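The feature topological domain 'Extracellular' is assigned by Swiss-Prot to 1-37, 88-111, 173-208, 271-283. Taken from Swiss-Prot, the feature N-linked glycosylation site covers ASN17, ASN101. Annotation comment: Swiss-Prot describes 38-58, 67-87, 112-132, 152-172, 209-229, 250-270, 284-304 as transmembrane segment. Summarising the annotation, Swiss-Prot assigns topological domain 'Cytoplasmic' to 59-66, 133-151, 230-249, 305-326 and lists sequence analysis as the type of evidence.
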Amino acid sequence: MSGLPSDMDLYKLQLNNFTEVTMFILISFTEEFDVQVFLFLLFLAIYLFTLIGNLGLVVPIIGDFWLHSPMYYFLGVLSFLDVCYSTVVTPKMLVNFLAKNKSISFLGCATQMFLACTFGTTECFLLAAMAYDRYVAIYNPLLYSVSMSPRVYVPLITASYVASILHATIHTVATFSLSFCGSNEIRHVFCNMPPLLAISCSDTHVIQLLFFYFVGSIEIVTILIVLISYGFILLAILKMQSAEGRRKVFSTCGAHLTGVTIYHGTILFMYVRPSSSYTSDNDMIVSIFYTIVIPMLNPIIYSLRNKDVKEAIKRLLVRNWFINKL
């Protein structure tokens, strides 16, 4: 019986009779079962923490009146975005750790790449919008309610999603218009553009340039918005006479600046580096960091030193405790 080909072997043999790949196989770090079980448990714990942490921020932001301000609305959208971003990648990855059949359909791969690109790009724009929000709140606090009214922050959030969907659509259509007539094995835990281009049998030079310029433009624009916003914030801090006022500003901006540095630092390391330093394993590790690990870290970063969020969570817990006692 051991000499009979497995289902996966039969599928690979059938590929020779077709001109186009209709399914992909996701190849992760290792084929050793014990290691895969460990990775399954590790990333399951990370995913559960991501869900609990981010939804634990969304609920008080929605339910607590004291958090009904643009700054916390942006944070709530970011937390919801992180849940979506992680959910696009993690469940399929967890299944593949334990499953013998690690395949994903052509349409499923395109959908996963489109959603991951959409949520990842939206996070870039949203972090820039949050920097502008903090600039308005600190540099001109008396006009904050006017400068950051629903007529301003709702279009900012909407535009972030619309621009990201457009960006993701262009890259997804361009990538899956290529021919995949050779190997169908993707050395990655999810469908991402670089490993897909690596297995295409078409000329990918134009698409690689398109991808580089699009990602580079988004990074430059969003980072510039962050830098300009924090430049004005720094000027406002230097004008402050109160040490308590400076402490509040650092507390308000420190978490966001940390989140921006980690996220954009990872993206820049991923895409703005010499091609000679590219390896599929490094690509996989960095991709896991910004799609799975960062969404887990964000609730810690944004709530650890935020007294308003911690007080809102306490009020929510006390309120639920009293309701259960009635």
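Heads up, the Cβ atoms here are built off N, Cα and C, so glycines get one too.
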Criterion met for the transmembrane segment (152-172) and the transmembrane segment (67-87) (at least three Cβ pairs under 8 Å): yes
Per-region confidence, the topological domain 'Cytoplasmic' (133-151) (mean pLDDT, whole number): 89
Intrachain residues whose Cβ lies under 8 Å of the transmembrane segment (38-58), provided they are six or more past its termini: 28-29, 75-76, 79-80, 82-83, 86, 90-91, 93-94, 97-98, 292-293, 295-296, 298-300, 302-303, 309, 313
DSSP-derived helix, strand and coil totals, residue by residue, for the topological domain 'Cytoplasmic' (230-249): 17 helix, 0 strand, 3 coil
Intrachain neighbours beyond the topological domain 'Cytoplasmic' (59-66), with Cβ under 8 angstroms and 6 or more residues off its ends: 72-73, 75-76, 79, 308-309, 311-313, 315-316
Contacting positions for the topological domain 'Extracellular' (173-208) when only residues 6+ beyond its ends and CB under 8 Å are counted: 12, 15, 19-21, 23-28, 88-89, 92-93, 96, 104, 106, 108-110, 112-113, 116-117, 278, 280-281, 283-284, 287-288, 291
Secondary structure composition of the topological domain 'Extracellular' (173-208) [DSSP: H/G/I, E/B, coil]: 15 helix, 2 strand, 19 coil
